[in-house]
Amino acid sequence: MVDLESEVPPLPPRYRFRDLLLGDQGWQNDDRVQVEFYMNENTFKERLKLFFIKNQRSSLRIRLFNFSLKLLSCLLYIIRVLLEKPSQGNEWSHIFWVNRSLPLWGLQVSVALISLFETILLGYLSYKGNIWEQILRIPFILEIINAVPFIISIFWPTLRNLFVPVFLNCWLAKHALENMINDLHRAIQRTQSAMFNQVLILISTLLCLIFTCICGIQHLERIGKKLNLFDSLYFCIVTFSTVGFGDVTPETWSSKLFVVAMICVALVVLPIQFEQLAYLWMERQKSGGNYSRHRAQTEKHVVLCVSSLKIDLLMDFLNEFYAHPRLQDYYVVILCPTEMDVQVRRVLQIPMWSQRVIYLQGSALKDQDLLRAKMDNAEACFILSSRCEVDRTSSDHQTILRAWAVKDFAPNCPLYVQILKPENKFHIKFADHVVCEEEFKYAMLALNCICPATSTLITLLVHTSRGQEGQQSPEQWQKMYGRCSGNEVYHIVLEESTFFAEYEGKSFTYASFHAHKKFGVCLIGVRREDNKNILLNPGPRYIMNASDICFYINITKEENSAFKNQDQQRKSNVSRSFYHGPSRLPVHSIIASMGTVAIDLQDTSCRAASGPTLALPSEGSKELRRPSIAPVLEVADSSSIQTCDLLSDQSEDETTPDEETSSNLEYAKGYPPYSPYIGSSPTFCHLLQEKVPFCCLRLDKSCQHNYYEDAKAYGFKNKLIIVAAETAGNGLYNFIVPLRAYYRPKKELNPIVLLLDNPLDDLLRCGVTFAANMVVVDKESTMSAEEDYMADAKTIVNVQTLFRLFSSLSIITELTHPANMRFMQFRAKDCYSLALSKLEKKERERGSNLAFMFRLPFAAGRVFSISMLDTLLYQSFVKDYMISITRLLLGLDTIPGSGFLCSMKITEEDLWIRTYARLYQKLCSSTGDVPIGIYRTESQKLTTSESQISISVEEWEDTKDAKEPGHHRSIHRNSTSSDQSDHPLLRRKSMQWARRLSRKGPKHSGKTAEKITQQRLNLYRRSERQELAELVKNRMKHLGLSTVGYDEMNDHQSTLSYILINPSPDTRLELNDVVYLIRPDPLSYLPNSEPSRKNSICNAAVQDSREETQL
């Protein structure tokens, strides 16, 4: 082995550790040269230049001294004029010679010497090779004129009384003031407004003109009227103001010439100054100026950062932000890189907004603009993405950079960020609150398919409203719908609450039911004091603690409520129902005035638990009536929980062999193996046991594994859900997961078909004729239309085409602009739609933020705009829990022990419950579910003038079909066309009747003529429907598809649907009502608190066969 020590050479002496510690004398003998830098600045001239010019603070002091020296010279001139005695005679010598005392002469000479020395020194230091450039400068010439005569008088005493125009030093003072302000801005490193500089220059120029004119006229009139300084001032003001009284006028030609010269100078100089001032004023209006530091330290403000500000976005933000009473004193500073829009400028000139909204044109990526907005003192910063761009990823990138810039500049400022694409979320995880548009959009579209009108429910919950919309309408459903839309989510600590304090130590379901029964509030969730996670309906096992934060739905928060006992109400005869009818709103009257609601308490006197509404019937009466509702237990025991539907349903092991082969062999429960983007919440859901090959995902093309080419051939047991989108983005993950959640029974799982293009042939192949729902996502490629509101044009027309071709298809659409919802399922001659349009205009005039809520497609949940959820981000400034609750309701987040949103339908067997309060009790006592609202469908009761078409035929009235006893509601003969097309005899007789009426036209009244017109329109429309039906059927035959199941069905014009959020306890249930429920997490009832993933999957399978709650 080679000796390594002999091969490695020793270190040089200067690198030895001992030598480094003790010092090495060899360093002194090294061939190194010390180099000194910037030796040119060590010269005498450079040192003077550094002190007088380059150094900001010393230069500022020099200029301040120079400014004071010029003002002192002007003051000495005024003193000399005041001390001088009036001269006798009108000789020209009085113009060139004055009386100057010796002390005054000494002071003026001293000032002149200092000024001249300073001027020569600064000229020498700023000399750049051209001496004439220094000599011919106006400040240098004025300095020579005012200083050299005094210096000459030192050596020539006879010139001591020579007149020197020292008053011209005012222009030198103005020049020094401008330089001083520039140095001041550089010294304190603070950019003041250029507007302030220009105003200061204008004022100083005007003062210099007036002072020069005063002193010049006074001196030249020494040989004339001998005016004093006050008379000269009076003359100048009258002249420059163009008043010209004429009582004081110059007499000598020299003074007249001087006045003419000064007027010419004023006419040249002042307009230039005013033009620059006007230009700066216009630029200030565009850029917005600054938000003052003093105001930022004394007032509270938030900053809104957007790439382009539109009037809709601005009004949505302002209306929602200032809807909260405690935010009335806040200022809103808008930071936008584009020039202010004309409509935005017009709105911001309204006194209500001009005093509270400040517009700044600038970029969030510039520290100077963030400093102008005083971002470091802001209470919050809202960063919104521009959704009206084709490249939404690029828009997200801009939002991410803005968020980074704000976080870097003001790390303590809370950030509220809106992002479009879910894959970009992880870049802004540091933000306090984030709303991802595609996550919420697809989740709401998915829940709309299984819980109707979920999008409308969430939209109404996140909008601030007093529930006063529609109260002036004659329609009963509009009053109920508008009143219940005022419900929002609020929070309060249990021990501080009047609503929930008495339920400490009791179960959650007991507290929720009794709080709703007593106060009309709906308790939906809680949060432990030491936990950040919110639990929606944790179930009957959860025991309420005094420190728990309760989340509830109500018209207003408890702090703004006054309580009146029902006994006192009876004495004052105030217990009158506000609404009348079978579905009236609260018996406990709700008085909404100035944000305060008075809630009447029900009688809380003790009542036996075995009362008539809760006692079980006797054996003999079971055949006569249904069982009464069991009471809700204060603390749920194991036996009571075992009797609930949650665990008492038939398990999967007890299913029939056919069901087992069709379900268990296909699905397993677990977590998705792959996450499409960073930040997606893992959700326990149904998964296929084996991964499907990629070639089998094409529905319209066969492969080696199957030979199906259309949806009908697959033989799906459940109806399809079709998603029409432009691209298959990562956001579709949030559409699929809620539809495959583990708590949904396998036999209710709907096949999902993704349609990337929607020509008629592809629609027919994917099974549109037997689909349960069709979801139409707004196209990104149409969002950059020249006119903003035209971004939805393609989507609206495509949906209208689908509506005409497949009138029975349930279509759910997402639009960009809420104002375009009125075009969904558009009918130009529908009187009822026109009436709703008038109602919307009236509500908008009353200042409602939800004027669009009465449009039938929105109320029924068939259309929504994602921009409506912008208010969710705005509300988070006051309610920091709203995003978390909304994500839990939509299934975007799953927390162990937290419930989920689902629905159940009221059937004929359930009508014995009668009221919403009894339904609440039934659900809480049996399954632990908490209802939060009702989705109701009613028939439109239109008058004859409002109905679309009316055909009255005597032969048709005599038929027996109109008197069949199986109908529970009156049949509107005018609501459908298929009913008439199925009766050729009716059609032939109606045609004969129409021709008979046309021959007798002159004898008929105007009403009959209107009926004839309506009949002809009916015949035209019916033939149009038949043409569309024939078109679709012929196309299906051409594609080899079966036409069975397609017919020209009713378009449901005679029905309307709406939502009642947290209705009153005495609201009557109606047939086909859909009740929104927050159901407890089934996994929370498992005996093991921390089961393994495998055990969780096996135990959760027990819940799969549970169907809708049977009452």
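Cβ coordinates come from backbone N, Cα and C, glycine included.
Source: prediction; values computed, not measured.
Features as listed in TrEMBL:
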- 986-1006: compositional bias 'Basic residues' (COMPBIAS)
- 1087-1098: compositional bias 'Polar residues' (COMPBIAS)
- 299-435: domain 'RCK N-terminal' (DOMAIN)
- 954-1013: region 'Disordered' (REGION)
- 1087-1111: region 'Disordered' (REGION)
- 64-83: transmembrane segment (TRANSMEM)
- 103-127: transmembrane segment (TRANSMEM)
- 139-159: transmembrane segment (TRANSMEM)
- 199-217: transmembrane segment (TRANSMEM)
- 258-281: transmembrane segment (TRANSMEM)
Field: Outside the transmembrane segment (258-281), six or more residues from its ends: residues with CB under 8 Å to it
entry: 194-195, 198-199, 201-202, 205-206, 209, 212-213, 216-217, 220, 239-240, 250
Message: Is it possible to list how many residues within the domain 'RCK N-terminal' (299-435) are helical, extended or coil according to DSSP?
response: 59 helix, 28 strand, 50 coil
Query: Short question: which residues 6 or more past the ends of the transmembrane segment (139-159) have a Cβ under 8 Å from it?
result: 73, 105, 108-109, 112-113, 115-116, 119, 123, 165-166, 168-169, 171-172, 175
Statement: Within the same chain, the residues 6 or more beyond the ends of the transmembrane segment (199-217) and with Cβ under 8 Å of it are 74, 77, 81, 165, 167-168, 170-171, 173-174, 177-178, 181, 227, 229, 232-233, 235-237, 239-240, 250, 255, 258-259, 262, 265-266, 269-270, 273-274, 277
